[in-house]
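**Student:** Sharing the record's features from TrEMBL:
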{"type": "BINDING", "residues": "S47, G48, A49, C124, G125, R159, E189, N211, I212, T213, R242, R271", "note": "substrate binding site"}
{"type": "BINDING", "residues": "D87, D89", "note": "Mg(2+) binding site"}
Amino acid sequence: MTSGIQSAGAKLRRAIQQESPLQIVGTINAYTAMMAEKVGHKALYLSGAGVANASFGLPDLGMTSLNDVCEDIRRITGASDLPLLVDADTGWGGAFNIARTVKEMTRAGAAGFHIEDQVAQKRCGHRPNKEIVTQDEMVDRVKAAVDARIDDQFLIMARTDALQQQGLEAAIERAQACVEAGADAIFAEAVHTLDQYQAFSDALDVPVLANITEFGATPLFNKQELVDVGVDIVLYPLSAFRAMNKAALNVYNSILENGDQKAVVDDMQTRAELYDFLNYHEFEEKLDNLFKK
Ligand SMILES: C[C@](O)(C(=O)O)[C@H](CC(=O)O)C(=O)O
Ligand SMILES: [Mg+2]
């Protein structure tokens, strides 16, 4: 066991206890993780959609592999000490595959993951026509994950996408069954109202996560509104990514249209700011000291 107060999982659990709510921001690469840490965030998220879209130019339809995601986990956890919650989609297969997912993600530095009850050919949780597996199959996924832990603090979060197809009661029942099977937290996906969050938190005695992703099924509730209905963790999976994309598009267009980038320089992070986040000067000083001329 690699458990203990210093493990990534332990750090995530502590952050959930200390913050009310814990806001977790998506960081699609190592550098954005460093920025999020520097401005004071306490935990980070690696989005499955983010890996697919940003690292591979693919839609979020279950096309990336465990290795693809682990590579991005290693990059982020190599650059930031904050605990990283990772999107494990459906876990990449049956019980033994899910076990590998837990072990490999732990070794890559993740603090925990969420595993969902969609079929392997999954969709974004905020799209129509999602299909889910049976409650029994989802419970088996959770059991396989819990059994496979190599750090007993690694956080196993069960995500249910059942609300869309089966309604609130069934979704809550699934969440309860997952907790009984050992899930440490519940990700209630594509929730529409604060009352629905209240119902989840009333029925569960583990932390509940609200996914406040833009342009989806969930209104952009404020963290205080969410705390008031018992939500413990608020997720912003792709907010910075969406903003980065719009900024990049604007720069590409402007260079084409104007023949230079002067019109968009004010939208750019400066070289000095970049170097500050990277601790560039410390590295350079080290180099100068090591290899004095
Ligand atoms: C949280 C999520 O699973 C993700 O991959 O980031 C997505 C987010 C999104 O597509 O907005 C989801 O909610 O399915
Ligand atoms: Mg996802």
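Every residue gets a Cβ built from N, Cα and C, even glycine.
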**Student:** Give me the Cα-Cα distance between I212 (substrate binding site) and D87 (Mg(2+) binding site), rounded to a whole Å.
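**Tutor:** Spelling it out, the Cα of I212 (substrate binding site) and the Cα of D87 (Mg(2+) binding site) are 15 Å apart.
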**Student:** Secondary structure at R242 (substrate binding site) (DSSP, helix/strand/coil)?
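**Tutor:** SS state of R242 (substrate binding site) = helix.
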**Student:** Near ligand 1, which of the binding-site residues show up if the criterion is a Cβ under 6 Å from one of its atoms? Options: S47, D89, I212, R242.
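**Tutor:** From S47, D89, I212, R242, counting a Cβ under 6 Å from ligand 1 as near, the near ones are S47.
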**Student:** From A49, E189, I212, R242, which binding-site residues have a C-beta atom under 6 Å away from some atom of ligand 2?
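**Tutor:** A49, by Cβ distance under 6 Å.
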**Student:** Looking only at S47, G48, A49, C124, G125, R159, E189, N211, I212, T213, R242, R271, which the record lists for substrate, tell me the maximum pairwise CA distance in angstrom.
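**Tutor:** Farthest Cα pair among residues binding substrate: 40 Å.
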**Student:** How long is the line from the C-alpha of E189 (substrate binding site) to the C-alpha of D87 (Mg(2+) binding site), rounded to the nearest angstrom?
**Tutor:** 13
**Student:** Roughly how many Å lie between the Cα atoms of R242 (substrate binding site) and D89 (Mg(2+) binding site), rounded to a whole value?
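**Tutor:** Spelling it out, the Cα of R242 (substrate binding site) and the Cα of D89 (Mg(2+) binding site) are 20 Å apart.
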**Student:** With a 10 Å radius around each C-beta, find which of these binding-site residues (D87, E189) has the fewest other C-beta atoms nearby.
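**Tutor:** Comparing Cβ neighbours within 10 Å for the binding-site residues D87, E189, D87 has the fewest.
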